[in-house]
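Pulled from TrEMBL:
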- B:2-160: domain 'Aspartate/ornithine carbamoyltransferase carbamoyl-P binding' (DOMAIN)
- B:SER47, B:LEU48, B:ARG49, B:THR50, B:TRP75, B:ARG110, B:CYS272, B:LEU273, B:ARG300: carbamoyl phosphate binding site (BINDING)
- B:GLU142, B:HIS176, B:LYS236, B:ARG276: N(2)-succinyl-L-ornithine binding site (BINDING)
- B:184-308: domain 'Aspartate/ornithine carbamoyltransferase Asp/Orn-binding' (DOMAIN)
Amino acid sequence: MKHYLHINNVENLQKTVEEAIELKKNELEFSELGKGKTICLLFFNNSLRTRLSTQKAAQNLGLNVVVMNFGSEGWQLEYEDGVVMNQDKAEHIKEAAKVIAQYCDIVAIRAFASLTDKEKDRAEIVLESFKKLAGIPVVNMESATGHPMQALADAITMEEYKVAEKPKVVLSWAPHPRALPHAVANSFVEMMQLQNADFVITHPEGYELDEEITKNSKIEYNQKKAFENADFVYVKNWSSFKNYGKVDNTDENWMINGDKMAVTNSAKFMHCLPVRRNVVVADEVIDSENSVVIEQANNRTYSAQIVLKRILEDM
Amino acid sequence: MKHYLHINNVENLQKTVEEAIELKKNELEFSELGKGKTICLLFFNNSLRTRLSTQKAAQNLGLNVVVMNFGSEGWQLEYEDGVVMNQDKAEHIKEAAKVIAQYCDIVAIRAFASLTDKEKDRAEIVLESFKKLAGIPVVNMESATGHPMQALADAITMEEYKVAEKPKVVLSWAPHPRALPHAVANSFVEMMQLQNADFVITHPEGYELDEEITKNSKIEYNQKKAFENADFVYVKNWSSFKNYGKVDNTDENWMINGDKMAVTNSAKFMHCLPVRRNVVVADEVIDSENSVVIEQANNRTYSAQIVLKRILEDM
Amino acid sequence: MKHYLHINNVENLQKTVEEAIELKKNELEFSELGKGKTICLLFFNNSLRTRLSTQKAAQNLGLNVVVMNFGSEGWQLEYEDGVVMNQDKAEHIKEAAKVIAQYCDIVAIRAFASLTDKEKDRAEIVLESFKKLAGIPVVNMESATGHPMQALADAITMEEYKVAEKPKVVLSWAPHPRALPHAVANSFVEMMQLQNADFVITHPEGYELDEEITKNSKIEYNQKKAFENADFVYVKNWSSFKNYGKVDNTDENWMINGDKMAVTNSAKFMHCLPVRRNVVVADEVIDSENSVVIEQANNRTYSAQIVLKRILEDM
């Protein structure tokens, strides 16, 4: 693997998931693989799971880890060509990306959507700039439009908990007070399109994700109907894509509760976290024995580790 | 040792102090003990000594260290049960603690007192939540009501400098412009209650510490009388406990100066640092040869190291 | 080498540069040299290149690295003697420096100029306090008046790219919207004074650097004349030294463009970065094949590594 920017950068998803599960059993098996090499984790946004799990994964592989919070420890970058840089941006990505690349062997980046400029967000300017300029492997730790490290952890988790060869999987929107990005939902959809599953997306009308991503994935506007006989219920809020970045709907009736889970096939409850209890999901669901959110978060270490392992092997 | 939340988690204080002093002579002796294991240091408050000494101690034991500043790098956590999380808190401790625990083998936490809600502070909600939920060893790097890592460093320092079998030790309040927590004073008192010493606490009337902690420890309101023939003078400001978190008294006459030290038995001057010179203590005292504040800070490495060593040995 | 505070702390610049170039070919050759030792990187100001390259260099030498951002993770320090510390400074440098020194073997510090108090800045109070008090090697990661790690990287870069035994080297001021310190320019001048070169400084009248530093270095106020037949053009903005810290001049005509470079001897374009494109330098110059800014930044790793190697060897 050269870069890990998109779930499609994984050549064989099923095989990768199985290898990650093997790795989990003996996480220090390849602790010499990264020796003498350095990974830089660049955070343009806050993070908990990604910050800790990626460091853990990198250290399990023997990599040196350098963490930088661009906002508080660095300065603003310019991404446009030809600009007269006399405002608040102190450095151009052309220099920053090339320079950073010289101090490390792999660079992992978190750079959220603006949620104000759809086309800019879709252009994935931060990630694509590093990919174009850095000349070293670039890893997506959640970008404007995708979170493939989460999607891979989700695939690992579903492999561990699935009871049917072709499970029914529902991605459900849920309400949230703030405008959240589409990245997690997008990557989950893209990952599901690679799986042998009966996959349904449910959300209020008007909350359609980017059609270029959802393609022919089935959409069911009736949440309860979508949940019927589901084996996995994956919940996530996102802001409107059509009315870009806006919170048009906070309908409490879309919160996941026990009544809704009751019509499923004892579905596993999944969420990428952090989650707002009793807004996105009722305590009774997230605290139930069918909730696998903690195990899902744990698999973030192994999705990062299998990705970094593949990258190291191909260097 | 399972957790280190309180000085009483040390089984045999005297033996532990002696072992720490041995460790200090050859701090890399157990550099293989933590190999392949990770400690997460979670800071909900700023830190200098604790930040650096705990990292040093962990690295001396071969541990991987991951540092996270929750305020600037993460988000606010909810600690109450059953809350509808539609305000400013993005994640519940129930998820955060369990998730973090999966990425490390030991978690060390700094979470100061609010100084606004006495009962909440006494409940030690951050530390106790991690203890209850994380399922891995939890280490106190200063909590709402205690700083046992400091108290253990203090015990090491007193062992190194004591000239009598049963020294006279004075804990003296001193003035300070800001409201400070009780944690250091509390843990010092609790540690002294385990020692063979003539122990006296001195402070202005109304500045009594929590009686459940001071118990039968002697209180002498006349500071100079308390200092007579002292072998160790341990100085610390704290805000009012009765009038919780308030600064009722900034009486400059309580500052430690040479005249006061003159009535001691050439007492060693101790303070946990940071200290405000010429407010808490006069230059003439902290710069004197009887001041052991630097050595005391140095022992923070060895109190952390002996605690982490015990925890690693019992894993 | 005991400390690295000034380019003059390098005993033999030419030999050091050659050794750094050797080190670059096999950067892990001395990866055991720092084993069991710790370097603390203290940042009183933001950083990208210095932060990453110094960590890389230290890890290449096997050192443990601890990073602390004093502003966001610590508190303000007092540097004056005898002060009654009842204002906003929580700790005196006398304690901080001695304490930090006990937790590490080398301390590296970034502490920029205030640009408001010339005498205080020239006194280099942060660096000198650590040098005086810490008792361990102190490394300058850019101070009020110097950036010798950058100057050493510049010397390495010029050695790699020089085509003449005695090249013509121009240090040119360029416009910038904000008030910038003199540190980089100062150390470059001091480094050039140790070189066999035809060295010229060019800047608008009134923008003279500290005469105690420039000494007899040639100043040419006509920028284009200065550029004639130059082999290296080193560009940097600085605020006024005379009218201390003020931006008296933002004359766009001083920006480096292709016309100016055309009169040079195909000069290499150098800048320490970050650089504002089309303010300090036109795209056509920084994007040309004569621009060596990326290679120059890369050499920051090797200037740091040769300095740390020398310090470790002399411990």
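Think of each number as a place in line: the chain as shown, counted from 1.
Keep in mind that glycine also has a Cβ here, set from the backbone N, Cα and C atoms.
A map of TrEMBL features onto the structure.
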| residue | record | Cβ within 10 Å |
| --- | --- | --- |
| B:SER47 | carbamoyl phosphate binding site | 22 |
| B:ARG49 | carbamoyl phosphate binding site | 26 |
| B:TRP75 | carbamoyl phosphate binding site | 15 |
| B:GLU142 | N(2)-succinyl-L-ornithine binding site | 25 |
| B:HIS176 | N(2)-succinyl-L-ornithine binding site | 22 |
| B:LYS236 | N(2)-succinyl-L-ornithine binding site | 23 |
| B:CYS272 | carbamoyl phosphate binding site | 24 |
| B:ARG276 | N(2)-succinyl-L-ornithine binding site | 24 |
| B:ARG300 | carbamoyl phosphate binding site | 28 |
Near chain C - the binding-site residues B:SER47, B:TRP75, B:CYS272, filtered by Cβ distance under 8 Å: B:SER47
Separation of alpha carbons, B:GLU142 (N(2)-succinyl-L-ornithine binding site) and B:ARG49 (carbamoyl phosphate binding site) (Å): 11
Binding-site residues, contacting chain A; criterion Cβ under 8 Å; candidates B:ARG49, B:TRP75, B:GLU142, B:ARG300: B:TRP75
Overall pLDDT for the domain 'Aspartate/ornithine carbamoyltransferase Asp/Orn-binding' (B:184-308), taken as the rounded mean: 98
Counts of helix, strand and coil residues, the domain 'Aspartate/ornithine carbamoyltransferase Asp/Orn-binding' (B:184-308), according to DSSP: 46 helix, 19 strand, 60 coil
B:ARG300 (carbamoyl phosphate binding site) versus binding-site residues B:GLU142, B:HIS176, B:LYS236, B:ARG276 - nearest by Cα: B:GLU142
Distance, B:LYS236 (N(2)-succinyl-L-ornithine binding site) to B:TRP75 (carbamoyl phosphate binding site) (CA atoms, angstrom): 32
B:SER47 (carbamoyl phosphate binding site) versus B:ARG276 (N(2)-succinyl-L-ornithine binding site) - Cα distance in angstrom: 16
From B:GLU142, B:HIS176, B:LYS236, the binding-site residues whose CA lies within 10 Å of that of B:CYS272 (carbamoyl phosphate binding site): B:LYS236
Spatial separation of B:SER47 (carbamoyl phosphate binding site) from B:LYS236 (N(2)-succinyl-L-ornithine binding site) - C-alpha basis, Å: 17
B:SER47 (carbamoyl phosphate binding site) and B:HIS176 (N(2)-succinyl-L-ornithine binding site), distance between Cα atoms, whole Å: 19
Cα distance (Å, whole number) from B:GLU142 (N(2)-succinyl-L-ornithine binding site) to B:SER47 (carbamoyl phosphate binding site): 10
In three-state DSSP terms, the structure that B:ARG49 (carbamoyl phosphate binding site) belongs to: helix
